[in-house]
């Protein structure tokens, strides 16, 4: 039975109240103990969703400020202003500004134009349409940090139109083409979302949360290099796996007619589309060569956002209407600030010391790594939000890995990539899932079977080929 909003709010208020009534564990400061209660309540709030993510985080920030100001000895460890530190993080603004590019692809119609050209060139069979989806998502992913916007706003409407044109009906003929293509849309986006740092907002969030624990940082291009070999291999296999589990009844497609109709509706390519194409290339160039250009990825994104406005590709009003960008700015900056409070108050250091006395993986760092990454995928059945999973579990898994001697670089990369592909296990593992599943072509059984094959298959690929590749990059000094 679904919980009422009032019941959810009572649960959220009870959690920090418990940390007020109970004494702090040995070795943990009182302020860290009380802030932990707020943090746990925040994570539970992201799962229960009595309100949207921004409201939950703003409430958590407000409560944290009150606690810091009224807890004895708190100001020796943290200051009231520290709870807002997440909003001055470069990654927070990188994600926010990258949303402008994402919106521009939808507003100008460039995303649809690219898709129809791909369909016309390669989509002569349903299997090839699966690969068209893959290539399109991969092409758009560096500039769309909301995989929900990318999948739901650009790719899903096009594939849904194709499915309808092929005569596949959710009730009468779902297996004709719709079941395969809709499942493929979701499984593809869960892999493209970790190939690029800017392909999904929780990527940067995971990095930010792990940095104080593992001391691991990376750049846009190093992230891509690390993800490229295992990620592209997994991506290539996904349309085949979906095709094998849910083979479409229709094999051949009149792709030329579909592409022609779609392009005719769009009309000739506009100046805005041409300008956006150039800016997209500039953004990729800037992110790839940011070190050589002596500018960071955030500045590149801000430059491109400003140029999009100056060239009238989008207007400031368009940016104001981008709810996803503003929502992400508020909750993302908030969760980084909350995690920073725990780090400054000594919670993660205490957690590491506590776990090191409990866990016995001395001399078996690789075994610890395998166990942690397997758990990181397995627990995704419990989470309906990638952001909630990252905030709740990534710091814990990072801490456990650190104290058990798991190799730092391998652990960090394994966790950030598993964050995305791990969400494949269910139809609610990320925002694009309910969109594709909600079209009505799929059943839960085949979806979950496919998701398990892809998620745990990706895990095996990353534990073998992926780690061999990362070790090679490390030996060359490229990671």
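Including glycine, each Cβ sits where the backbone N, Cα and C put it.
For 11-31 (among others), the entry in Swiss-Prot reads transmembrane segment. Nonlocal intrachain contacts for the transmembrane segment (11-31), taken as residues 6+ away from its ends with a CB within less than 8 angstroms of a stretch CB, comprise 3, 37-38, 40-41, 44-45, 48, 50, 63, 67-68, 71-74, 77-78, 345-347, 350, 353-354.
The transmembrane segment annotation in Swiss-Prot covers 43-63 (among others).
Per Swiss-Prot, transmembrane segment is recorded for 90-110 (among others).
Annotated transmembrane segment per Swiss-Prot: 151-171 (among others), in sequence order, evidence recorded as sequence analysis.
The transmembrane segment annotation in Swiss-Prot covers 195-215 (among others), and the record cites sequence analysis as its basis. Counting residues 6+ beyond its ends, the transmembrane segment (195-215) has Cβ neighbours under 8 Å at 89, 91-92, 94-95, 98, 138, 141-147, 223-224, 227-228, 231-232, 235, 287, 297, 301, 328, 332, 335-336, 339-340, 343, 348, 352, 386-387, 389-391, 394-395, 398-399, 401-402, 408, 411-412, 415-416, 419-420 in the same chain.
The annotation transmembrane segment is assigned in Swiss-Prot to 223-243 (among others).
Marked as transmembrane segment by Swiss-Prot: 274-294 (among others).
Taken from Swiss-Prot, the feature transmembrane segment applies to 295-315 (among others).
Swiss-Prot lists 328-348 (among others) with the feature transmembrane segment.
Here the transmembrane segment (447-467) has long-range neighbours at 183, 187, 190-191, 229-230, 233-234, 237-238, 241-242, 245-246, 370, 373-374, 377, 380, 410, 413-414, 417-418, 421-427, 429, 437, meaning same-chain residues at least 6 beyond its ends whose C-beta is under 8 angstroms from one of its own. The transmembrane segment annotation in Swiss-Prot covers 447-467 (among others) and rests on sequence analysis.
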Given the cut-off of 8 Å on Cβ pairs that are 6 or more apart in sequence, determine whether the transmembrane segment (90-110) and the transmembrane segment (328-348) share at least 3 such pairs.
yes
With CB pairs under 8 Å as the measure, which of the listed stretches 43-63, 151-171, 274-294 comes out on top against the transmembrane segment (328-348)?
43-63
Residues from the same chain, set at least six apart from the ends of the transmembrane segment (274-294), whose C-beta lies under 8 A from its own
101, 104-105, 108, 110, 142-143, 198, 219-221, 224, 300-301, 303-304, 307-308, 311, 313
